[in-house]
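Participant: Okay, these came from Swiss-Prot:
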type: BINDING; residues: D24, F25, N26, R39, H62, L63, G64, R65, R120, R153; note: substrate binding site
type: BINDING; residues: K203, G294, E325, G352, G353, D354, S355; note: ATP binding site
Amino acid sequence: MAKKTILDLQDEELKGKRVLVRVDFNVPIKNGVITDDRRIREALPTIKYLIDRGAKVILVSHLGRPKGFQDDLRLDPVAKRLSELLGKPVKKLNDCIGEEVEKEISNMKEGDVVLLENIRFYKEEEANDPEFAKKLAKLADLYVNDAFGTAHRAHASTAGVAQYIPGVAGLLMKKEIEIMGKALESPERPFICILGGAKVSDKIGVIKNLMTKVDGFLIGGGMMFTFLKALGYETGKSIVEDDKLELAKEIMNMAKERGVEFLLPKDAVVVKEIKEDAPTSIKDVDKFEKDDIGVDIGPKTIELFREEILKARTIIWNGPMGIFEIPAFANGTRRIAEAIAENKNCISIVGGGDSAAAIQMLGLEDKFTHISTGGGASLEFLEGKELPGVAVLQDK
């Protein structure tokens with residue numbers, strides 16, 4: 001990795017130093033209880049590394065999308081869970097900046113950990129307000145960005161603060177960038193990209209950037225119908241972006257010219273209305289009627305995609321194959337996840353968001369090489385964009 005990480009620092013550069021670590025503790029909480037602590041667990045290696053070297057660790061994160069101070073979005077449950085995982089107390093402060101916070105930090109001993117309050121309680125955070133960033137920077141000697149999930153945002157705690165104190169990457173950030181970077185720069189082949197989700201427009205940047213890198217695309221999810229309609233198929237009442245039909249044609253022609261395989265579904269699970277108990281049928285994509293709605297890929301498509309997946313050596317997957325939140329429409333996503341898990345010879349990378357949620361629901365996390373902690377950030381990384389939260393860190 002071209003950016004400095006905490007591993008590039010000498011132990012004496014950390015001992016006794018105040019280190020402000022941007023983590024991504026944006027975890028789901030129901031009635032004060034964290035329902036999935038994966039993001040907290042992912043940050044542990046960096047936090048432990050700093051504790052072991054005698055740093056004073058000051059953690060900063062957002063939670064949800066608060067409008068000003070909101071009691072239900074305070075970080076107390078997060079501090080409690082982190083304390084259990086670390087086996088040591090984590091003091092949660094009631095603010096992010098100001099005298100009280102500065103006083104608490106001045107009383108910290110080597111190896112202590114504090115968690116600042118939800119940084120998005122301040123609108124200055126998302127505005128990347130320089131004065132606010134300066135106040136945050138004043139709390140510490142060194143900045144560590146370990147929040148890949150927000151690295152595509154230029155906010156005060158993800159980018160602004162590194163204008164005032166030296167910034168380096170944490171271990172999770174390093175892992176995310178190295179694994180995805182290697183897949184893009186020197187992949188084992190065949191290299192395929194599986195794309196799903198509702199909209200082509202969300203994935204255009206990824207398709208264009210990967211077109212020169214991959215051997216093939218497998219297209220599922222709602223976006224398949226925009227491509228099918230562009231080819232002249234009847235798609236019924238399925239989700240279609242009519243203003244993207246020309247673009248869809250252009251993408252398919254680009255793939256053809258470059259000799260990149262562009263596989264569209266052969267069949268789909270079809271309903272007349274989207275609801276949990278809707279009667280389903282399987283139809284080939286050329287047999288749709290005017291009132292049909294496609295909600296998942298069908299068995300022929302699953303088999304076709306499975307064959308490609310088992311041959312691949314590098315797989316990037318972003319977006320579910322159907323409306324997986326409804327169990328009856330989740331089979332395609334499940335079978336694709338199982339096929340990737342079955343391929344023991346491939347590097348498999350999942351770009352956060354819905355696909356990651358689906359894999360967790362199926363309990364297959366440990367069968368994938370890497371499940372990104374960032375949905376939007378991994379998409380922008382795959383689009384070839386430089387992420388603001390990485391750009392500001394020191395070069396090696």
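Backbone N, Cα and C atoms are what each Cβ position is placed from, and that goes for glycine too.
These numbers come from a predicted model, not from an experiment.
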Participant: Can you grab the distance from G64 (substrate binding site) over to G353 (ATP binding site)? Cα atoms, rounded to a whole Å.
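Facilitator: The Cα atom of G64 (substrate binding site) is 15 Å away from the Cα atom of G353 (ATP binding site).
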Participant: By the DSSP assignment reduced to helix, strand and coil, which category contains G353 (ATP binding site)?
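Facilitator: Once the DSSP labels are grouped into three classes, G353 (ATP binding site) ends up as helix.
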Participant: Roughly how many Å separate the Cα of E325 (ATP binding site) from that of D24 (substrate binding site), to the nearest whole number?
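Facilitator: Per the Cα atoms, E325 (ATP binding site) and D24 (substrate binding site) stand 24 Å apart.
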Participant: Select one residue from D24, E325: among these binding-site residues, choose the one with the most other Cβ atoms within 10 Å of its Cβ.
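Facilitator: Counting every other Cβ within 10 Å of each candidate, the maximum falls on D24.
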Participant: Find the shortest Cα-Cα separation between G294 (ATP binding site) and the binding-site residues N26, H62, R120, and name the residue that gives it.
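Facilitator: Nearest in space to G294 (ATP binding site), counting only the binding-site residues, is N26.
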Participant: Round to a whole number and give the Cα-to-Cα distance in Å for the pair S355 (ATP binding site) and N26 (substrate binding site).
Facilitator: 18
Participant: Out of G64, G294, G353, which of the binding-site residues is least crowded by other Cβ atoms within 10 Å?
Facilitator: G64
